[in-house]
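This is the structure, below, for whatever I ask next.
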């Protein structure tokens, strides 16, 4: 197969959220990049509180940053021009080309759609001019036909740009054949004409047993299944959104300890959690068991409590108090137990939060575990950052409205500018920096300190855990799965020629 023939663009849509769109796009991007193809990812609109900061100080969804890494590219706002960050069940912060614009509800958003449609079209056209291949990711499911009129990321994008569409479904959830058929059937004929085939994700067992079902799916839809991706336990880093963060569930695949003791970490699963991926670096370490927790009783036998970031800091702080987790954290800290707060979680650990921006609550008492006062400002801090923590070079990124107006504790680290960052008081640690735990030497120092405070004298940190290498290995595994299990000739043809002419329309009473 001639590598030079890989040219064009396609859209990966899904039967549901968390069906496998993000990982399939990452796998396709990695597979093409390994073949020397100039490839870029694109998600017109993402709804997620897991985000990263680009080199130019913009903000995009973390999944698109991972997909960029799969392509061998730095994150760019071009790859995710519209980002919605939910702050409540009814409102989201609207981020356009990396910058927060306003807070919108569902009805308010309609007012912005024409402008956003133009932004999306411009960015996609620019990427198609600069790269051989652009792999686009849909949002949620195109089957949400109540949203079709305002759709920017699914069939609205495919129709506007003439993109062939592959629909991926998660067989691990059950009912995948019905999901795939139904996704096509509820669409209008013009949308259906762009649906070129299916991919089944997370299959376990003998794939030949699926054959009769796939034959029937082709018979009733007129479209082939282009591949069946097997379930892979080793793929767990960089969850796209909060759907991957399940309360009272383990993070990753814990490896046995090197020494005699495990280190048990409880990460609080906040209702408006953001950048939950911060704790994944801890779960990469042998002998470190990380679980998401929503029940205060589960904190009684933990060694380290982690309060992650939040898109609604004051609201999530009130949730901690209502369900008893705040009291459990205080009791743990009183016993000398280690606590780590990151970004919004760091702000919660302080004495007071003054918030006239997100919640409008004014001065709100924090948990009081750090001598810290934070005040929210309308403009958001967005920056990639570097510094030094106790002789160890560190890096990360900042995404927050809160400004420290007083810090009476020792700093956790110093930024490269010399400015103090974060706090340490006994075994309570806090920082505004996301991604700090991905610095391997710093993470080992922190875990050694946590083990000492927790009395886990038999815990031994691994000397060679490399989070960046683990992430790279997962991207290569994704590419291997794509290469081994998808019809690459059919994908190449779709990229070059678009959806085949004459695909049948499935009659439906739901659409005209």
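Backbone N, Cα and C define each Cβ position, glycine as well.
Pasting the feature list from Swiss-Prot:
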type: ACT_SITE; residues: 343; note: active site, nucleophile
type: ACT_SITE; residues: 434; note: active site
type: DOMAIN; residues: 262-442; note: domain 'GATase cobBQ-type'
Including all protein chains shown, what's the count of other C-beta atoms within 10 A of the C-beta of residue 434 (active site)?
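For residue 434 (active site), the count of other Cβ atoms within 10 Å is 26.
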Which residues, sitting 6 or more apart from the residue listed as 'active site, nucleophile' on the same chain, put a CB under 8 Å from its CB?
274, 275, 308, 309, 310, 398, 399, 400, 431, 432, 433, 434
Translate the DSSP assignment of residue 434 (active site) into the three-state scheme.
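The three-state answer is strand.
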